[in-house]
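J.: Quick one: the structure is below, questions incoming.
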Amino acid sequence: MDSSSDTTEKKVPQTHAIVDLSDVDVAAKLDSDVPLDPEVAARLKRKIDWHLMPLMCLMYLMTFADKTTLGQSAILGIQQGAHINQNQFNWLGTIFYLSYLVFEYPQNLALQMLPVGKWMSFNIFIWAVALLAHAACKSFGALFAVRFILGMCEGAITPGFMVVTSMFYTRAEQTRRVGLWFLMNGVAIIFLGFVSFGVLHTKSHNFLPWQWLMIITGLMTLVASVLFWFFFPDSPTTAWFLTEEERAQAVQRIKVNQAGVENKHWKQEQFIETLLDPKVWVMALFTAIANILNSLTNQRQIIVNQFGFNLIQTTLIGCVDGVVEILTIWLGVTLASQRSIGRGYAAALMFIPALLGAILVQKLPSHDKVGLLFSYWISIFMFTPFVILLGWVGSITAGHTKRTTTNAIILIAYAIGNAVGPFMWKKQYQPRNHVPWTVIAVCIGVCALLILILRFMLDRENKRREAEKAEDSYDDVYLAQEKQDGTKAEKHVDRAFLDLTDIQNREFRYVL
């Protein structure tokens, strides 16, 4: 079946709305009303998975490994080697996210206006060079500068991945795919644990273990950036691994999203709508508070070490952290993909064991280091709800400017939470850190409430739309085209590819 055959191209009266390609989604010219055979769709999904997922997983693994090298370096001698104190070490974690915050919206604009894959590749290359430069740093000022550059480049990675996931996958598929590339965080922790164990045994006196860690991860990221440049696609409409027919089929496959693929033109009305949309700010508040919890990432080695484990034990125990994170993320996205549970309830459920772990870390006696360790591992459930939200965002927003602006707002909130979080880990609270763990417990409770409020808002809006009379104002829109023989014709454009927002398109239903 040739799903790219154009059955909708015809002459139409000029009373119909005529639009230019710049006003609609780039996929509009490939759209067809011919139904896509389910077997063809399944085969196409497998092909997309094989070409996208390995690269996305590799890149997310390396970027997470790179940005958490700071936490790993805490027990590899960075404070002594670079002559920094605990407060300055905390600032190195914070400046990364302050830089991320400043550059997040410009990065999202660049992702809308430039080829997504190429822009991410460029940022990853600069990232790798900055990471390699860490090894030459001997002072707080030098480390501050390279961490600032890392934060600037990181601003393109997660939003870029969110955009690409929403381009290639249906809403039902997105949560699992986001979960798959995000659980690479756990793989990165395991990888860093073994690398750290290895570099601890290096004998070079002029090159400390933490410097070897930066060199190893930096070189691997440099290679990954080159692979990304040549093999990662910018859009299903231009993907190198798809034939012309398959590109049209890929567009047909995601029509069900009612969100299109992309539009390279910034639209002020969509930007304003995003700022006035209450659900965007509920997601932003949730993200900011949830990522105060993420400060645990850079502190985890110090925390485990202070439970009473030595340096070698701490590096190897860190590998278990990664296994726990992989399992909790896998469980969370599996539950979120069940129609009977959904994203909102799955995220709220993940907070229950996380809260239990945070309470136990505070209440167990200091001599029970095994109990404290297991309680800490249980608290790792706290990271999964944010992963679920990242996969949810693309399913509840539409309109390309609105989607990129929403991503920017949420990831700016992500940066704020991560920038604030490190300052609760003060030396005066060590070794039990009762104050930080109390803050974590409170944040978990607030986040659980916010995610349930978001679900309630979306469910109420879906019921309101079901009760509305069907509207057809976007049903008679045509795209002006010039055929190969020079004649002009108009092609009907499905509302899914009119670059409408989720509020404009009353046929849009929010995934719960």
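Using the three backbone atoms N, Cα and C, a Cβ is placed for every residue, glycine included.
Any TrEMBL annotation is an automated prediction that lacks curation.
Marked as domain 'Major facilitator superfamily (MFS) profile' by TrEMBL: 52-463. Residues annotated as transmembrane segment in TrEMBL: 89-107, 119-137, 180-200, 212-232, 280-297, 344-362, 374-393, 405-425, 437-458.
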J.: May I ask which of the stretches 212-232, 344-362, 405-425 has the most CB pairs under 8 A with the transmembrane segment (437-458)?
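T.: If we count Cβ pairs closer than 8 Å to the transmembrane segment (437-458), 344-362 scores highest.
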J.: Taking residues 6+ outside the transmembrane segment (89-107), which of them lie with a CB under 8 Å of any CB in it?
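T.: Residues 67, 70-71, 74, 78-79, 123, 140, 143-144, 147-152, 154-156, 159, 295, 298, 405, 408, 411-412, 414-416, 418-420, 422-423, 425 contact the transmembrane segment (89-107) from elsewhere in the chain.
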J.: Which stretch, 119-137, 180-200, 212-232, 344-362, 374-393, tops the Cβ pairs under 8 Å count with the transmembrane segment (280-297)?
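T.: The listed stretch sharing the most Cβ pairs with the transmembrane segment (280-297) is 374-393.
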J.: Answer with yes or no whether the transmembrane segment (212-232) touches the transmembrane segment (180-200) by the criterion of at least three Cβ pairs under 8 A, sequence separation 6 or more.
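T.: Yes; at least 3 Cβ pairs under 8 Å.
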J.: Suppose you look only at the domain 'Major facilitator superfamily (MFS) profile' (52-463); what would the mean pLDDT be?
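T.: A mean pLDDT of 88 is what the model gives the domain 'Major facilitator superfamily (MFS) profile' (52-463).
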J.: May I ask for the residues of the chain that lie six or more residues beyond the transmembrane segment (344-362) and have a Cβ under 8 Å from a Cβ within it?
T.: 328, 331-333, 335-336, 338, 371-372, 375-382, 384-385, 388-389, 432, 434, 437-438, 440-441, 444-445, 447-448, 451-452, 454-455, 458, 512
